[in-house]
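S.K.: According to TrEMBL, the feature transmembrane segment maps to 12-37, 49-72, 78-96, 108-129, 149-173, 194-215, 245-267, 273-295, 321-343, 355-374.
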Amino acid sequence: MRAMVQARFSWGYYGAIIPCVLNIISLQGYLIINTIIGGQTLGSISPHVGAPLGIVIIALVTLAVVFSGYQVLHWYEMIVWIPNVIAFVVLLAVSGSHIRHVPLSGPVAAEASAIMTFGATLAATNVSWSAITPDYGVYHNGKASGWRIFAYAYAGFLISCLPVHLLGAALTATAPYVPAWRTGLGNGNNIGGLIAATLLPAGGFGKFLLVLLSLTAPSQTAPTVYSMCTSLMTALPVSARVPRFLLAMIPTAIVIPVAIIGSARFYSTFDNILAFIGYWTAPFCAIVFVEHFVFRKSKWSTYQVLEAWNRPEHPNLSRGYAAVFTFVATIGIIVLFMQQQWWTGPIARTGTGDLGMLCGFIFAAIMYLAARWVERRWETDTWKAA
């Protein structure tokens, strides 16, 4: 079951349009971030290439992968991790001597609020996958163990994300102490330049690895574009009549100019997009979790997917009032706890850091539990009266 189709069973047929639209916006933001990183990395190979041309190339490669269909996308994702592993091992080998001599802490100890805010950003990068991951399991064996699927998915995220986050933190923390790295990073706005500066001692082989690394960017961007299409089809069913490869051209046309502009101020672009994604996905996950584990009792048979997924009035499809009410109420809570450059909530001003995502998830879970119970009682009374 596609992620946004599953959302209909808690958000309702029409209420699910809300997470669909938010998901499309979020995925477009992620597409911009990853296209910038891939384009900067490719552009760092030669001054004749540059980030703008690199961004165009990455966007077109992404489009080609999406054009090729679901099976090719799966095959591509299965092998693309190999050049990444090779490149990261070489990165550690050539940069280890610099990283080893960097102080473990700065002259001023990090505040708890800064650590919480940084942790929220990291969490947002993983939690956001919840809105698209089910899109890539629709052809799997329906009789597979739920615990095995969970273990594989969890291990996949842990193994792929943790080393990269640690390596990225190490390289970025070291950059101020290494002139070439500091120049490559460019005031925090050129991740590709930092990677290129790090691989400089590897010579021609390092440039070859840069090419491989940049061409692995579509492993992030291609699923993003693919899921944008499925989200659009769920929000606007009439769009399902349009060939998917034509729909994929829309985000591609948007990402190229926006990514070229955003690459000049990558850090602020990255921070703002991730914050937005984390804030809405927290209550979204809470609502879907409570619906599945509490009200559906973790049984897929209770969904009656084939009969209900596309019928707004089907009794097994939620009306969506509880989910929409919970989401709107949770936004009010998140505003109090969030901490961004453009807004800091009154509670966050006390020094708590950005707790918007965490508190939003907890509040939404409790609120939806109560609101959905009331909604189900009302639905039962309505059916009996009919």
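Cβ atoms here come from the backbone N, Cα and C positions, even for glycine.
Unlike curated records, TrEMBL annotations are generated automatically.
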S.K.: Can you tell me which recorded stretch out of 49-72, 78-96, 108-129, 355-374 has the most Cβ pairs within less than 8 Å of the transmembrane segment (245-267)?
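M.R.: Highest pair count goes to 49-72.
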S.K.: Which sequence-distant residues neighbour the transmembrane segment (321-343)? Criterion: at least 6 residues beyond either end, Cβ under 8 Å.
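M.R.: 10-12, 15, 18, 113, 117, 268, 271-272, 275, 279, 282-284, 286-287, 291, 352-360, 363-364, 367-368, 371-372, 374-375.
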S.K.: For the transmembrane segment (273-295) and the transmembrane segment (355-374), decide whether they are in contact, meaning at least 3 CB pairs lie under 8 A, counting pairs 6 or more apart in sequence.
M.R.: yes
S.K.: Should the transmembrane segment (355-374) and the transmembrane segment (108-129) be scored as in contact, given a threshold of at least 3 Cβ pairs under 8 Å and pairs 6 or more apart?
M.R.: yes
S.K.: Against which stretches of its own chain does the transmembrane segment (108-129) lie, if we need a Cβ under 8 Å and a gap of at least six residues from its ends?
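M.R.: Sequence-distant neighbours of the transmembrane segment (108-129): 26, 30, 157, 161, 165, 271, 274-275, 277-278, 281-282, 285, 339, 348, 351-358.
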